Ligand SMILES: NC(=O)C1=CN([C@@H]2O[C@H](COP(=O)(O)OP(=O)(O)OC[C@H]3O[C@@H](n4cnc5c(N)ncnc54)[C@H](OP(=O)(O)O)[C@@H]3O)[C@@H](O)[C@H]2O)C=CC1
Ligand SMILES: O=C(CO)COP(=O)(O)O
């Protein structure tokens, strides 16, 4: 089938590469000002992969929208609202947009599918999340991921068309759980990077146990299924984020406590802000996310603030 991929950064370019490999006709869109696009157009390569000849490139959004009924979006989460507004200036009624992104809107705490539905009513929205780094996939190392939408027929059709021996997809059943799970694993990734930077790597097991607990409480309060947090979108993505040398969020956290600047996109930073909104809105206690908010946005000292998590009153584990 024809598929347009909107966004030609690290992940969008990989998605185009993957869908071409899975046998689809792929058009990859990048904005006119994009350095990523320019590099791909000139060399057909980026830092991670080489684009096969079959993938077409364009910076005409109109052309990308007309090319296909199914579109992937992979851009930075905080830009999604304005981008969805832009999409809505074209004829997108009945088309499907699959979000390959992991974030929440910082000011409102809204999920990305909500953002698109608000700005582009009439489009179908799905999400494709779960563990995986370009560096591993291009070496042929397979992984499992999850695709979900509010319409189970759309979910099943996409999973069937996108599956290959490189990615085994599961049908997502819980948009709240999968979207919150995917966004917040980046928050735990930042915390893990901070632990690495502070010489506390051995605490990552505890972070995994308490992090999943904290996020599952939120998901339940929001009306999702708390078990989803123990699935591919969240716990299943911990290796790729809390432990992987490739994770931008983990590297951001480590660089932060080491006093260095990390220039690439770490979606978890804005998600920490969103979590403070949700924690208040749903009256859910979120100690790890709150500690990160103090460190990242209120200048609290990282080591001391993380250590204070140990001084909280003793309670039952579950
Ligand atoms: N396993 C998984 O599911 C993975 C998911 N991701 C997710 O993918 C998303 C993108 O991450 P990643 O590719 O690493 O980030 P990059 O920074 O590499 O790419 C972001 C892309 O977004 C584009 N962009 C930013 N703002 C706009 C806008 N207003 N309009 C159009 N395009 C815009 C950028 O354009 P430009 O080229 O002009 O800069 C760039 O191409 C994130 O949400 C991330 O969490 C990432 C890796 C793995
Ligand atoms: O989502 C990812 C791996 O599954 C990518 O994580 P980072 O954005 O932290 O690199």
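Glycine is treated like the rest: Cβ placed from N, Cα and C.
Copied over from TrEMBL, here are the features:
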ACT_SITE  185  active site, proton acceptor
BINDING   7, 8, 9, 10, 11, 12, 264  NAD(+) binding site
BINDING   11, 31, 48, 102, 267  NADPH binding site
BINDING   102, 130, 185, 237, 247, 249  sn-glycerol 3-phosphate binding site
DOMAIN    3-152  domain 'Glycerol-3-phosphate dehydrogenase NAD-dependent N-terminal'
DOMAIN    174-306  domain 'Glycerol-3-phosphate dehydrogenase NAD-dependent C-terminal'
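Where TrEMBL records a feature, it is marked here on the structure.
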residue: 7; record: NAD(+) binding site; DSSP (3 states): coil
residue: 31; record: NADPH binding site; DSSP (3 states): coil
residue: 48; record: NADPH binding site; DSSP (3 states): coil
residue: 102; record: NADPH binding site; DSSP (3 states): coil
residue: 249; record: sn-glycerol 3-phosphate binding site; DSSP (3 states): helix
residue: 264; record: NAD(+) binding site; DSSP (3 states): coil
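Of all the binding-site residues listed here (7, 9, 12, 130), the one with the fewest other CB atoms within 10 A of its own CB is 9. Close contacts with ligand 2, defined as a Cβ under 6 Å from any of its atoms, occur at 237 among the binding-site residues 7, 9, 237. DSSP assigns residue 130 (sn-glycerol 3-phosphate binding site) to coil, not to a helix or a strand. On its own chain, residue 31 (NADPH binding site) has 37, 59 as residues at least 6 apart in sequence with a Cβ closer than 8 Å to its own Cβ.
For the binding-site residues 11, 48, the greatest number of Cβ atoms within 10 Å around a candidate Cβ is found at 11. Helix, strand and coil residue tallies for the domain 'Glycerol-3-phosphate dehydrogenase NAD-dependent C-terminal' (174-306), in that order: 99 helix, 0 strand, 34 coil [DSSP]. Averaged across the domain 'Glycerol-3-phosphate dehydrogenase NAD-dependent N-terminal' (3-152), pLDDT for the predicted model comes to 98. Among the binding-site residues 7, 12, 249, the residue whose Cα lies closest in space to that of residue 48 (NADPH binding site) is 12.
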